[in-house]
Amino acid sequence: MSNKVEIITIDGPSGVGKGTLSRLLAQKLDYALLDSGAIYRLAALYVLDHVIDISHEQLLYDELSQLNIHFAIEGNQTKAFLDGMDVTTRIRQEQTGMMASKIAKISIVRDALLACQQAFAQGVKGLVADGRDMGTVVFPNARHKFFLEAGSQIRAQRRYDELIAKGQKADFTEILTQLEARDHQDRNREVAPLRPAEDALIIDTSSLDIDGVFAKVYAAVKLRNNKQMTVAIDAYYQLLIKAIDQLGYAPEFLNAPQKIDQANTRLLCQTRSLFFLLTYAGLTNTQAANAYAYKLYQVMKSQYFDEQSKAWIKTQSSKDGNDLYEYAFVLFTLSVLYGTFKEHVISEDIEHVNELITQKFIADDFKALKDQHGVIGQNALMHLFEAYLGAYRHTQNPIFKTQAEALYQKIIALFFDHERSLMREYSREDKSALFEPGHSFEWSSLIVEAQALGVDVDIMSDHIGLYQAATKVGINDCGFIKPNLSHDVKDMQYRIWPMLEYMRYLAMTASYEHLDNALSIFSTVFLKHDLPIEYVDSEGAVGFDDVKSTTGYHLINCWQYMLR
Ligand SMILES: Nc1ncnc2c1ncn2[C@@H]1O[C@H](COP(=O)(O)OP(=O)(O)O)[C@@H](O)[C@H]1O
Ligand SMILES: Nc1ccn([C@H]2C[C@H](O)[C@@H](COP(=O)(O)OP(=O)(O)O)O2)c(=O)n1
């Protein structure tokens with residue numbers, strides 16, 4: 001982001017807690033504070049005091065763009081002044097608020113007050129901006145955007161309690177009616193209506209107290225500024241593009257492309273690297289990353305797509321020979337690619353690979369997989385489910401929603417262990433069945449994502465239960481969440497990807513406290529020289545100091561939710 005001043009925008013309806021939160025944040029971070037509502041209220045008071053005809057737009061613009069206002073901090077109160085007069089109490093009266101909301105609908109008024117609001121970001125190291133359109137209009141490039149929500153009853157109750165606490169008279173019904181009228185006016189106006197910016201984090205404060213809201217927002221700001229993760233992602237990106245420049249495709253071992261063998265050209269590396277590049281480009285606005293992604297797409301297609309039969313074929317086998325796994329990644333990656341480039345040819349590719357998967361695996365109820373392995377890899381089906389979600393998200397084609405729902409039912413029947421509340425690794429009733437916590441974390445995230453997309457995942461919608469069960473396994477059996485590496489665990493149990501999947505779920509569900517903690521463990525254990533390292537042994541030593549192309553997928557997937 002080009003902005004050097006760190007700007008945090010807090011938008012939302014009346015009584016949701018914007019002002020309270022903004023003050024706390026500004027204090028904690030030692031940033032300046034913009035209460036834009038107060039500016040609209042000062043303008044409203046000016047209009048009321050001078051009996052200005054608000055239908056006379058030119059007059060309104062001339063007067064309001066010259067408004068003589070200032071704020072002064074006295075004790076723990078911010079006082080507002082209009083033409084040198086202290087009007088702190090008067091601007092808080094509801095009739096002033098109502099007039100503020102009324103003039104706020106007029107486009108020319110918003111124009112007149114824009115420069116005055118933006119000026120708050122000058123000459124300060126940081127700014128917390130509280131209002132209705134801070135993230136959408138006034139500071140669209142702000143680094144951190146939040147939108148607070150809460151039901152109108154709750155918000156009216158807060159206002160009521162506030163007035164009673166101040167010893168003032170209050171009528172709940174009247175407060176509620178006025179608040180809803182103002183909400184309606186603010187949300188439905190044509191110019192700069194109250195709505196969350198696309199990149200804002202929406203926080204429902206209904207069941208959170210002030211400390212709870214503050215903790216969430218403060219932690220989210222800290223996470224977004226998490227330098228180590230950002231540095232690791234950038235280092236990974238540099239390594240990846242260097243390898244592509246050298247070889248023309250994505251190799252399996254990014255830091256040792258000399259380890260080239262047949263497997264290095266496999267489809268999977270191309271898809272995951274492509275996903276990394278596209279997501280990286282989206283998050284950092286690096287156009288070159290998109291160009292590399294497109295290049296890999298062409299490599300992938302020239303090597304693995306048969307123009308004559310219009311089929312994706314595998315010319316080289318992956319390590320585990322699990323075709324579906326790779327095809328699922330092709331479908332997933334092509335969907336994200338389509339989301340970026342919107343090319344017809346990519347949507348045709350999506351159709352081809354979807355057709356192939358349906359014919360080769362779904363039509364015979366995965367018999368081909370069973371014959372091949374005796375067991376069905378839960379992981380391959382999970383990635384197919386993920387691919388259907390991605391395809392539905394990026395193409396909006398309802399067929400993928402239907403496919404996702406059908407597959408989900410199938411997977412739950414095959415793999416969900418109701419007793420342990422975990423996903424089993426193998427389909428057969430095998431006593432040695434594995435419970436890989438990393439995959440259960442991935443499942444937890446996928447359920448959250450499916451729910452957000454409106455995909456029916458009712459059969460096992462309890463992602464929290466799944467996450468908790470997986471956390472227990474993760475700590476007790478694998479130990480990867482623990483910072484202390486000296487206790488007795490099997491070698492190679494500290495793997496980077498389950499840790500990243502654990503963190504992705506925490507980021508998706510905004511469990512910031514745990515995430516912050518996990519991140520510090522992650523950066524001390526898994527980052528060496530800023531690069532994400534695959535394995536650490538039970539002594540805490542780096543087992544494999546490889547940087548694998550597959551890690552990029554987990555890394556960027558986690559990061560993208562940390563930034564939301
Ligand atoms: N999360 C919360 N839980 C309970 N009360 C809150 C919360 N946030 C704010 N309040 C109280 O609600 C009232 C309105 O908050 P305020 O910050 O003025 O809202 P806004 O600026 O969005 O209109 C205040 O009395 C404040 O102390
Ligand atoms: N950025 C802003 C801030 C306030 N307004 C308008 C709409 C609001 O109803 C009024 C009063 O805002 P204020 O934030 O003081 O209101 P509350 O404290 O939330 O009740 O001003 C706006 O349109 N844009």
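From the backbone N, Cα and C atoms, a Cβ is placed for every residue, glycine too.
Note that TrEMBL annotation is computational and uncurated.
Feature annotations, reproduced from TrEMBL:
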type: BINDING; residues: G12, P13, S14, G15, V16, G17, K18, G19, T20; note: ATP binding site
type: DOMAIN; residues: 8-222; note: domain 'Cytidylate kinase'
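Feature map: TrEMBL annotations on the structure.
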residue: G12; record: ATP binding site; Cβ contacts under 8 Å, 6 or more apart: K18, R132, F147, L148, E149, L194
residue: S14; record: ATP binding site; Cβ contacts under 8 Å, 6 or more apart: G97, R155, R159, L179, R182, D183, D186
residue: V16; record: ATP binding site; Cβ contacts under 8 Å, 6 or more apart: L148, E149, A150, R155, T205
residue: T20; record: ATP binding site; Cβ contacts under 8 Å, 6 or more apart: I210
Cβ-based neighbourhood (8 Å from the centroid) of the ATP site, residues G12, P13, S14, G15, V16, G17, K18, G19, T20 excluded: L21, L148, A150, R155
Helix, strand or coil at K18 (ATP binding site) [DSSP, three-state]: helix
